[in-house]
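These notes concern the structure reproduced below.
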Amino acid sequence: MDTLCSLSGLDPLWDWNVTWYTAHPDLTQCFQHTVLVWFPCFYLWVCAPFYCLYLRFYDNGRISLSSLCCAKTGLGLCLASFGLLEMQTDRNTLCPQILAVLVIHLERLRGFRSSIFLFLFWTLAVICSLVPLRANIQTIIDEGFSADAMRFVAFFTFFSLQLAQLILSCFADQRPVTLKPVYNPCPVEDASFLSKVLFWWYGRLVVKGYRSPLQAEDLWSLREEDTSEKIICDLEKEWAKQWAKMQQQESALNGTQALGYKLSEQTQLLRKLHKEQISGFCLLRTLAKNFGPYFLTGTLCLVIQDAFMFSIPQVLSLLLGFVRDEDAPLWKGYLFAFLMFLLSCLQSLFNHQYMYTCFSVGMRVKTAVMGLVYRKSLVINSAARRTCTVGEIVNLVSADTQKLMDFVVYFNAVWVAPIEIALCLFFLWQRLGPSALAGIATVILIFPLNGFIAKMRSKLQVQMKYMDGRIKLMNEILSGIKILKFYAWENAFRERVLGYREKELNALKKSQILYSISIASFNSSTFLIAFAMFGVYVLIDEKHVLDAQKVFVSMALINILKAPLSQLPFAMSTTMQAVVSLKRLGKFLCQDELKLDSVERAPYHPDIDGVVIDNGTFSWSKDSTPWQRGSLVAVVGHVGSGKSSLLSAMLGEMEKKSGHVTVSGSVAYVPQQAWIQNATLKDNILFGHERKDSWYQSVLEACALLPDLGILPARDATEIGEKGLNLSGGQKQRVSLARAVYRKADIYLLDDPLSAVDAHVGQHIFENVIGPNGVLKNKTRILVTHGLSFLPQADLILVMEDGEITEMGSYAELLSRKNTFADFVKAFSVCERKESATHRGKCMWNTSGPSAWPSSSPLGYVFKLLEVCIIVIITRSTSLTSILLCFQSFYVATSCQLRRLESVSRSPIYTHFNETVQGAGVIRAFGEQSRFILLANSRVDHNQTSYFPRFVATRWLAVNLEFLGNLLVLAAAILSVMGRATLSPGIVGLAVSHSLQVTGILSWIVRAWTDVENNIVSVERVKEYAETTKEAPWTIEDSPLPSDWPKSGSIGFQEYGLQYRRGLDWALKEISLSVNEREKVGIVGRTGAGKSSLALGIFRILEAAKGKIFIDGINIAEIGLHQLRSRITIIPQDPVLFSGSLRMNLDPFDGYTDEEVWRALELAHLKNFVSGLPDKLNHECSEGGENLSLGQRQLVCLARALLRKTKILVLDEATAAVDLETDNLIQSTIRTQFEDCTVLTIAHRLNTIMDYTRVIVMDRGHIAEMDSPNNLISQRGQFYRMCREAGLV
């Protein structure tokens, strides 16, 4: 190169005397005419082919010719003309401007709106022109402008055009015309490269949040690459491949076992553990393939920021050397000061681009995993469902996905931190020589300690098991809170929750103690390292002197060392927790799924049988059972005979052992326990379908819902609480039936839908919906029923016993055979009545107080509240500058609002998960999986629209604050250079090294203060619940309550009035009556009459709005709630069981002997069933008692009452889910075992109260009629009309 320069008549390429060792530095003419000219050209010509190849695969539409594009093209052509003129005079000059113009138009055609490639080219071109610019200006100063005016004009014009191109490249072009319009698009899509790097695009939201509270509509739409649809679509394909591979491996292992190799239990357990581990790694591999490339771009930013970070101490060393050297020219000091500022800024920018990338990837990972878990929950089979409770699944998408997000952010620290530590020690070795070994020894001592701690903490991850158990139990408690209050069981279940919590806290406490030791060791390590190294350095040689350069450069390196040392334990801990979470997620995602071939779905054809079971073996018969299209098939049998299981088999919910099932046409399913969504009544009925007014009104009328609309605050737009908590049992069942009817399906599977409705309502529904003249008369209807009165109208009757179809035929055929069915009908011909179930009276549509809380608080919201951990109280610094306060005020205002929006939008995700898991069978039966997946996607996306700007806000703040800190570094360095004559190197080192730390301190102060304000949002939510109106005390110590109260069981109502909430209509009005001891009173009435309100009043679930209730002469308002509720008994309509042993469900306080429990079971007709169970009383009930039939659960509730045997018994439609035979047995048991008790029965079947002392007929909160049944019939009033509708008169 020197030869080339000499041939051109120029000086050498490089001359240190001209460039460095001089008071007036400059570059040689050869360097200016070669390197500075060629370097931008070389960059453009070499990189352009690769960039064009990249653009070939990037097609985002075409950008129309905009003013910005025209300006760039015009300037490019002007620059190209200058380049062509220069090529005429200098053939060694390349003309890159023409290529730049071509790239500009290629980007426009490919929809590339902001070019980092051209931005770097124009930046290089301007930087390389600065030296000639300075030389030309100096020449003009020395020789005058007229010396070479034409050249000066040409150069300044050329430089101005380049500078203009650089400025224009800082702006982004308009959106491509082919892109679909997006409401409120994310501004990052419209931002230029420079705006993205500096997060300027975020500024408008900060200003808006500062000026006025942000609303959900103020937030941007998600970018396409961040949406659930895009993320999960790509991920599902990859996971399907991994799942198929695992299935093949498992099939191969099972094939080996089938050859005759019997595996031991230990081998099977090891294989199971291996499968869980492999599934976790498969999930990690899937996530890495989908998100790895983008994550690697962030990792590249991290490596570059590390390079800049380690350069800063070297420049600090040069600056301190400059201060110590009095003869050094002043320009070197300014150079080092500006270089330190530039390196600090670049380090900050690359660091926050890395963090932005990590949080973006973490957000996408969370979306992806939640999507996979949600889709899996829709397809797991019943066996897998029993092992995965709702609480556990919600925990997967809340706690475990958060751990994966943390893992994404901190994973790189696992391998980068050791490299950073090694580099720090290497540079320290250069400064302090072998003394650095003392620091290495300190680090070596710290690492094994923390490795041991990390291993111990990974073993303590069993706390997740306790957390799962606690959340699962809390889910059940909140679902069955009314039952707990009825039975006064709060203390027993509180102890269970506290037991789980204590174990969880013990594990967490140990884990946090270990973590604190780890953090303390790493935080103190910087002091220990400095103390060891400086001490050894001074002691080993008397000539060793610690000057400012050694001390402060070493301290700068040690401060760098502090970050990886503190991050490493957290990164290791996070990685361990992520491994556990991956195993848990992998285990769930690898659960067995429903087999699609269990039921063959055939298209509808009028000449084909609707349902055919051919030699089907599920757990019952092997009969070939075709059901003709348009027929009504009734399925009857005792409790637990397998009626509901038959419908499950038709839906494909049970594992098919053999045989063939064909279902022709669409299916609608009404489950035995109605599944209601947390949505409006209308949405529950339409269930995703378009509303057709005439048909909708017909369905409401047929399902007897029109009277209910009249008592609803907003008619069919009334919001239904989660699980239909503000609906009565009958209303829930009718809404569930209306959903099915509105669907206009070909086949209807009806699992005892008439059991929870009044007799007249049941008759109405059968005649208008199910029966031969109903709206479904041309559909195939398979009806599970306990009502004998409907059977003569059935086309086919299936009689089930012990899981087998014992008889099949028409009503007349079965009677003529004189077998089981005939005996059954004959034995109960006297009590054959039309099936009904009076529902629960006045609906709690809008309530306040303790009973309103469960119905108005979705479980997802409550669970997130329970997860709130409020930490961080920081003392506010009074020395913040006005700029810092400005950034803080803008950031805090916006961040707190985003936190609130994100928190509010997070709860519906878990509520929807909760609903979906519980109603998965209904969703599958209606074929609505895709719609619910879209709903889940929309809720996750809605949450991410507030999460995304929230984490970007932190990056925006950090970039601005660190730029402010870097300005302080620049100011300290420049002032040190200017005052070097009066400042010692030690003072300069102290000032500059501490100003380098100010950057991090400023960010920490604002973030800590903001965390306090953000966490106040959580405090607000806790405070909101803490201030919820509490119910009365459980016990009153000074209450003069006799130990044997109530002794007689008399009840008196004195002008009693009840409201569900102030301002609403009275549910009960001026009720005055006396119930004598041992009296049996039936309570009847139509929907909303106030029947169940009486029961709620007696148990003080709702407090009296006026009047009093006396039991044995004592005002129940003057005693504690537990003192009241533990002395009286109710058998509720909804038979709620909790996960745990059967004995626990009967006697949670262990207050009764096993003999007494067995006696209660015998009287409840459950002894034979429980005796046949392997674990008998210790039989484990699944969540909600799902492994028992509904009728068996109702009998367990009867056994609870028999065990308590109090003087007052309230039956709230207690036999709604049992067959007539069992109902007769229950009524017989009640008459004999509660003969000496006062019994209030909210009537289920009117025949059950015909022998009662009195009957109370409720109507709109009043007692309309009250007398003995015979007298009321003779009066021919409301009771007479109800009996006539029920066929009793």
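Cβ from N, Cα, C; glycine included.
Features reported for this protein in TrEMBL:
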type: TRANSMEM; residues: 35-55; note: transmembrane segment
type: TRANSMEM; residues: 116-137; note: transmembrane segment
type: TRANSMEM; residues: 149-171; note: transmembrane segment
type: TRANSMEM; residues: 294-313; note: transmembrane segment
type: DOMAIN; residues: 296-577; note: domain 'ABC transmembrane type-1'
type: TRANSMEM; residues: 333-350; note: transmembrane segment
type: TRANSMEM; residues: 407-429; note: transmembrane segment
type: TRANSMEM; residues: 435-454; note: transmembrane segment
type: TRANSMEM; residues: 513-540; note: transmembrane segment
type: DOMAIN; residues: 594-827; note: domain 'ABC transporter'
type: DOMAIN; residues: 883-1014; note: domain 'ABC transmembrane type-1'
type: DOMAIN; residues: 1053-1285; note: domain 'ABC transporter'
Non-local residues, at least 6 beyond the ends, that sit with Cβ under 8 Å of the transmembrane segment (513-540): 428, 432-439, 441-443, 446, 449-450, 453-454, 456-457, 460, 546, 551, 554-555, 558-559, 561-562, 565-566, 568-570, 573
Secondary structure tally of the domain 'ABC transmembrane type-1' (883-1014) (DSSP, helix then strand then coil): 122 helix, 0 strand, 10 coil
Long-range Cβ neighbours of the transmembrane segment (407-429) (under 8 Å; 6 or more residues past either end): 295, 299, 302-303, 306, 310, 313-314, 355, 358-359, 361-362, 365, 436, 439-440, 443, 533, 554, 557-558, 560-561, 563-565, 567-568, 570-572, 574-575, 577-578, 581
Across the domain 'ABC transporter' (594-827), average pLDDT on the 0 to 100 scale: 77
Tertiary contacts of the transmembrane segment (116-137), as residues 6+ beyond its ends and Cβ separation under 8 Å: 26-27, 32, 36-37, 39-40, 43-44, 47, 51, 96, 100, 103-104, 107, 152, 155-156, 158-159, 162-163, 165-166, 169-170, 193-194
